[in-house]
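Enquirer: This is the structure I have questions about; it appears just below.
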């Protein structure tokens, strides 16, 4: 993907040329970003982001989130820019890469297996739970532990869990593989192919660049432009990690570097730190706004169906319930961060000109981009109105993918090389299959009944139980690396607890699903997009945790207060 930066004008002296070449090489090695657009001497009239005016004001003295000492955080940087090190030593460090891990990691493997064995053989089986159900629960919990501790890659570990089900004769082959024909899982897989189309055609980059052109005269406006472009892309690009790494991080990095804001040193606070933190914190609300904006949304929807919570016209119902609190959060979050975590550069007057120059370089909208736009409009329209005309969501997605293949926007090699899609198919299907069988064998209802009795003993009304369970589901995410693993481990159980406590089913299912997106910015390991943004090197680790907690509280207030009135108005309770 094209980078959104312009090189500084080259100089004529040998020394300066050598330094520029060296610095560019080191930036390319460390950031692994595409080559920026360059401006030669023949086009001196083109503005450069290096001329972006930087406010002489220092960060606000009351800001509790600016860390003066960068030493602690720098130890955790994936990317660093050390001007004092020589090119030769830098090259040497990359000539001897750490060999990839082969086989399972021993300690995580032992812990994950031990959890299943303890549940199976050391914990007494409750009355009313069959031996088959108890054995399935032990294998499920061992699988979940492995998803968290990662003795093997996620899909590989899920495959081991699936194999264990068959070897122990806990499930038949047909039952174990039943979820591989699940329509929601295939909708997720096809959506990954759509995301690849956005990146391959450059449409996602073009949309974001237009918003920079329209709103990028100030740092705050620049942030709102990037966020609005993500909202526009989100319903047709369901991977938050793909949006972060494939579209928005390259643009933010290029803007920041051109403004003199470099990762890993004091200049990071000029522009990059704020833009990345703002984009990361708003990604949760962007993903919450549409059912198809994140893979975990579709998984939550399917797990809710397994427990009998049927949401009519799901795409519209999801959007209506999320619209008001999500939009308020998207409007408030950049401004609050602007005060708590202020950028040193307040004005970016040249950013629109640079965006216009990039759009000129990209040329007119290509045939493939127009095809991508038309196909996604068709797919989204069918997702919205498909129920009324008898076209399921997955069939609508298949129609869209077929059009892209027929017209050459994507080819089958693109689909085969989309490893994340096939990886998701493998382990989503295993998790959904296990969760469905646990429900069929009565384990989930037994667990929810136990919790319901405890809640009743505390004499909690259903609104109070709703608040306690939602908060527990949210903050327990500190123990999880990633959102989908959290959903697979706890969504069904927590939804069952809500139902047992008397919470209306649709309200409980949607609120848990929205929280699944909102806790994605709690830490640098909470979600794929957070890991991508933190890895850029612009944020200190203490700031990630502090702001993650503060913004979580802010979102709890926004969604709690707004949702209370909005969901009552919509008749969800």
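Glycine is treated like the rest: Cβ placed from N, Cα and C.
Values in this document were obtained by computation on a predicted structure and should not be read as measured data.
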Enquirer: From the ranges 60-84, 135-159, 210-234, pick the one that TrEMBL records as transmembrane segment.
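Expert: Feature transmembrane segment in TrEMBL: residues 135-159.
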Enquirer: From the ranges 15-34, 35-54, grab the one TrEMBL calls region 'Disordered'.
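Expert: Among 15-34, 35-54, the range TrEMBL annotates as region 'Disordered' is 35-54.
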Enquirer: With the ranges 88-105, 106-123 to choose from, which does TrEMBL describe as transmembrane segment?
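Expert: Here TrEMBL associates transmembrane segment with the stretch 106-123.
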Enquirer: With Cβ-Cβ distances below 8 Å as the criterion, list the same-chain residues six or more beyond the ends of the transmembrane segment (424-448) that contact it, or say none.
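Expert: Counting only partners 6 or more residues beyond its ends, the transmembrane segment (424-448) has Cβ contacts under 8 Å with 126, 128-130, 132-134, 136-137, 139-140, 143, 147, 154-155, 157-159, 161-162, 165, 171, 175-180, 182, 184-186, 188-189, 192, 295, 299, 302-303, 306-307, 484, 488, 492-493, 496-497, 499-500.
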Enquirer: Are the transmembrane segment (391-412) and the transmembrane segment (171-195) close enough that 3 or more Cβ pairs fall under 8 Å, when only pairs 6 or more apart in sequence count?
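Expert: They do touch: at least three Cβ pairs between the two stretches lie under 8 Å.
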Enquirer: Quick one: find which recorded stretch in 106-123, 135-159, 315-338, 391-412 has the most Cβ pairs under 8 Å with the transmembrane segment (493-514).
Expert: 315-338
Enquirer: Which one, 106-123, 315-338, 391-412, has the most C-beta pairs under 8 Å toward the transmembrane segment (135-159)?
Expert: 106-123
Enquirer: By a Cβ-Cβ criterion of under 8 Å, what residues six or more beyond either terminus of the transmembrane segment (391-412) are in contact with it?
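Expert: Long-range Cβ neighbours of the transmembrane segment (391-412): 183-184, 186-187, 190-191, 193-194, 196-197, 200-201, 314-315, 368, 371-372, 375-376, 378-379, 382-383.
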